[in-house]
Amino acid sequence: MKLKPVLYLLMLLGCLGLKSAHAATLAHGISASWHSFSQKWNEPQTFDPYIPSIIWHNRWTYDADKIDKYNERPWGAGGGVSHFDKKGNWNGIYLMAFKDSFNKWELISGYGWEKTWRPLSDPDFHLGLGYTAGVTMRDNWSYIPIPVLLPLASIGYEYVSFQMTYIPGTYNNGNVYFAWLRWQL
């Protein structure tokens, strides 16, 4: 019967050891991410103008009368700084202001990361797939900062990239494709 408390104690100590190892890994990940973020900000390789280009509401998830009322030409502008890491992956910090679906101003600011591939013999052609994390502020949410975590993809040639994301949602809400041009200066 004395074996049971010893086993419980060993299991508890084992779990604490795993938690400690996990915490150390998490702390290292946060530290590495912060270093990467600060490097982009303090040592950018390029300064990038952004031109919002397309807002497209998924026709399978919206009623036609809603789509007819929405703006799908998001004129606006933005800017950012970016950096390619040792592996050739793109990292950037950005801010954009554009006219949203209701033709009201929307702001979005954040950090983006893309794994970059160069699938052709021409090294100037590139594809990217990654994520963006940041905050957005819209008129219909009283410009309260709302956190966002979205997929990010791109196709580009030399210093110009067409970047895009998809905002998931429910019927008649969300389910929006948003794209913009980014030049690396």
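Placement of Cβ uses the backbone N, Cα and C atoms for every residue, glycine included.
Copied over from Swiss-Prot:
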type	residues	note
ACT_SITE	His57	active site
ACT_SITE	Asp100	active site
ACT_SITE	Ser101	active site
LIPID	Cys15	N-palmitoyl cysteine
LIPID	Cys15	S-diacylglycerol cysteine
SIGNAL	1-14	signal peptide
SITE	Lys66	site 'Role in lipopolysaccharide recognition'
SITE	Tyr171	site 'Role in the phospholipid gating'
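Locations of recorded Swiss-Prot features on the structure.
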{"residue": "His57", "record": "active site", "DSSP class": "strand"}
{"residue": "Lys66", "record": "site 'Role in lipopolysaccharide recognition'", "DSSP class": "helix"}
{"residue": "Asp100", "record": "active site", "DSSP class": "coil"}
{"residue": "Tyr171", "record": "site 'Role in the phospholipid gating'", "DSSP class": "coil"}
Largest tally of Cβ atoms lying within 10 Å of a Cβ, found at which of the recorded positions His57, Lys66:
His57
Among the recorded positions Asp100, Ser101, Tyr171, which ones place their C-alpha within 10 angstroms of the C-alpha of His57 (active site)?
Ser101
Neighbour tally for Tyr171 (site 'Role in the phospholipid gating'), based on other Cβ positions within 10 Å of its Cβ:
12
Cβ contacts within 10 Å for Ser101 (active site), all chains included, total 19
Which of the recorded positions Lys66, Asp100, Ser101 has its Cα nearest to the Cα of Tyr171 (site 'Role in the phospholipid gating')?
Lys66
Pairwise Cα distance for Lys66 (site 'Role in lipopolysaccharide recognition')/Ser101 (active site) [Å, integer]:
10
With every protein chain in view, how many other Cβ atoms are within 10 Å of the Cβ of Asp100 (active site)?
22
